[in-house]
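A.B. asks: Pulled from TrEMBL, these are the listed features:
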type	residues	note
DOMAIN	60-95	domain 'EF-hand'
DOMAIN	96-131	domain 'EF-hand'
DOMAIN	132-167	domain 'EF-hand'
């Protein structure tokens, strides 16, 4: 019999539990802080501006940017040339000059190949995290990925979580599948393909943004353990 525990322990999806309110508050504070820093008039390097723009769009901001850039990868190479990168940056609405875009591209294109690997681009864009935080994020992902196929789906969640205490399940407003799908969509944002499959990269990028608003490693560890009952 697989381990089961209440949906009230869920992170982010259920606003009625205090660990989830922590996440809502952290995300809201990060959005507000990032918007202030974007408009404070202080000189910032273009990559910092891009990171702040992502943060100002919430915990899925980096994920959304990655999806937008990947949509431009017509040949499936998982890389962007300078022209594609320039178009992508302009589409974000980021207030940068053409020279600053060239500077960004040169920074991400470390080997001078003329293209940027998408995975490496996102790794450099998201805020750095100490290994202890990456470890607890990986442990949470592994706990939910019950079949070890590298993605979290509704079927994985059904083997780990019970939604019986969720108010909308109890009232009949939503079914088990609808509630679990809502949880998965938290990691995909309001845009994107919303395919109901969360990859490890999506999961880590989500919590990398949350991590940026938490100074204390012990608190981050506690938050993750409370949210995923580890």
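Cβ atoms are placed via backbone N, Cα and C, with glycine included.
For the listed features, I'd like the structural context: burial, neighbours, distances.
C.D. replies: If you look at the domain 'EF-hand' (60-95), the same-chain residues 6 or more away from its ends with a CB under 8 A from one of its CBs are 46, 49-50, 53-54, 101-102, 104-105, 108-109, 114-119, 121-122, 125-126, 186-193, 202, 205-206, 208-209.
Taking the domain 'EF-hand' (96-131) as a whole, pLDDT averages 85 in the prediction.
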A.B. asks: List the helix, strand and coil residue totals of the domain 'EF-hand' (96-131) as derived from DSSP.
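C.D. replies: DSSP composition of the domain 'EF-hand' (96-131): 20 helix, 3 strand, 13 coil.
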